[in-house]
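*Asks:* To start, I am sharing the structure in question, which I have written as structure tokens.
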Amino acid sequence: MSAVPTAPIAARDGSATIPLLGLGTWQARGDEVYRAVRTALDLGYRHVDTATMYGNEADIGRALADSGVRDEVFVTTKCPPDRLGREDETLEESLRQLGLERVDLWLVHWPPHGESGSLRMWERLVAAREAGRAASIGVSNYSPELIDELTQATGVTPAIDQIPWSPSDHDPALVAELERRGVLLEGYSAFKRTDMADPVLDRVARAHGATPQQVVLAWHLRRGFVVIPKSVRRERLEANLAAVDLRLTDDEVSAIDALGR
Ligand SMILES: NC(=O)c1ccc[n+]([C@@H]2O[C@H](COP(=O)([O-])OP(=O)(O)OC[C@H]3O[C@@H](n4cnc5c(N)ncnc54)[C@H](OP(=O)(O)O)[C@@H]3O)[C@@H](O)[C@H]2O)c1
């Protein structure tokens, strides 16, 4: 199997990369998420996405510690907006549960109410990066305009925006807006937001002897979008990772792009 492609990501030391395919973990807890992360890391995943809100950081921390590859794994977690004013403690608690000295990426999970709330939380993320507790920092569920407010006030642009994304969400104007700002697009819920019976996906999948899910993932990789499919089943973790070997033609990519707005 080919290596998972990576993208450069803005970091304090300027030299970080993020694997474009990672493991989502929302709604997976306890031994189930422990086993999923162990299996994923055994298969070759090197990127795990979690959040304070998911209540699974301690289980993921155990899996990372037992995996033998903890230092190779890109770990993202997120600060919930209701932790406004308690951001530093929230990150320390995430780090303790994950068993890490620093996370690779810390995100604002979604915008806190009001402009100043969003800015105050972002200032704490900037401070965490300065303190070396998060290599890179970003946001989730932000519009380009909201991102501009953070950049203008602090001089630090979020490295990434994690947003709902799938072929049916594809919006070249939004892609261009994020690109112009140097913000990586990380998509979430790629499967949940896709009609897997779509004739275009079906045709492309058949042409490659692949599944529509693999086509969706291959499209993200080809377009340079970060994607974090969640699964707790070995055969699906394996199939999702195998999408790195699915090479779509230019015509196929264009046909999938056209499923968007
Ligand atoms: N920032 C945010 O606000 C936000 C919001 C939502 C999600 N996220 C992140 O994004 C990740 C992914 O999003 P998501 O969990 O909402 O949805 P998703 O990855 O689109 O879909 C997950 C669902 O698809 C199933 N599945 C996985 N692989 C499959 C395959 N090959 N064939 C058929 N079904 C498959 C999973 O079931 P099994 O587990 O049973 O295989 C699960 O039910 C989350 O886990 C989380 O880390 C972030």
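Each Cβ is built from the backbone N, Cα and C atoms, and glycine gets one as well.
Positions annotated as active site, proton donor by TrEMBL: TYR54. The substrate binding site annotation in TrEMBL covers HIS109. Sequence annotations record features per position, and here TrEMBL assigns domain 'NADP-dependent oxidoreductase' to 21-259. According to TrEMBL, the feature site 'Lowers pKa of active site Tyr' maps to LYS78.
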*Asks:* Find, among the recorded positions listed as LYS78, HIS109, the one whose Cβ has the highest number of other Cβ atoms within 10 Å in the structure shown.
*Replies:* LYS78
*Asks:* So what sits near the residue listed as 'active site, proton donor' in its own chain, CB-to-CB under 8 Å and at least six residues off in sequence?
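*Replies:* Residues satisfying the criterion: THR25, TRP26, GLN27, ALA28, ARG29.
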*Asks:* Between the residue listed as 'substrate binding site' and LYS78 (site 'Lowers pKa of active site Tyr'), find the distance joining the two CA atoms and give it rounded to the nearest Å.
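*Replies:* Spelling it out, the Cα of the residue listed as 'substrate binding site' and the Cα of LYS78 (site 'Lowers pKa of active site Tyr') are 5 Å apart.
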*Asks:* For the domain 'NADP-dependent oxidoreductase' (21-259), what is the mean per-residue pLDDT, to the nearest integer?
*Replies:* 97
*Asks:* Reduce the DSSP letter at LYS78 (site 'Lowers pKa of active site Tyr') to three states and note it down.
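*Replies:* The residue in question, LYS78 (site 'Lowers pKa of active site Tyr'), is strand (DSSP, three-state).
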*Asks:* Look up TYR54 (active site, proton donor) in the DSSP assignment and reduce it to helix, strand or coil.
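*Replies:* TYR54 (active site, proton donor) sits in a helix per DSSP.
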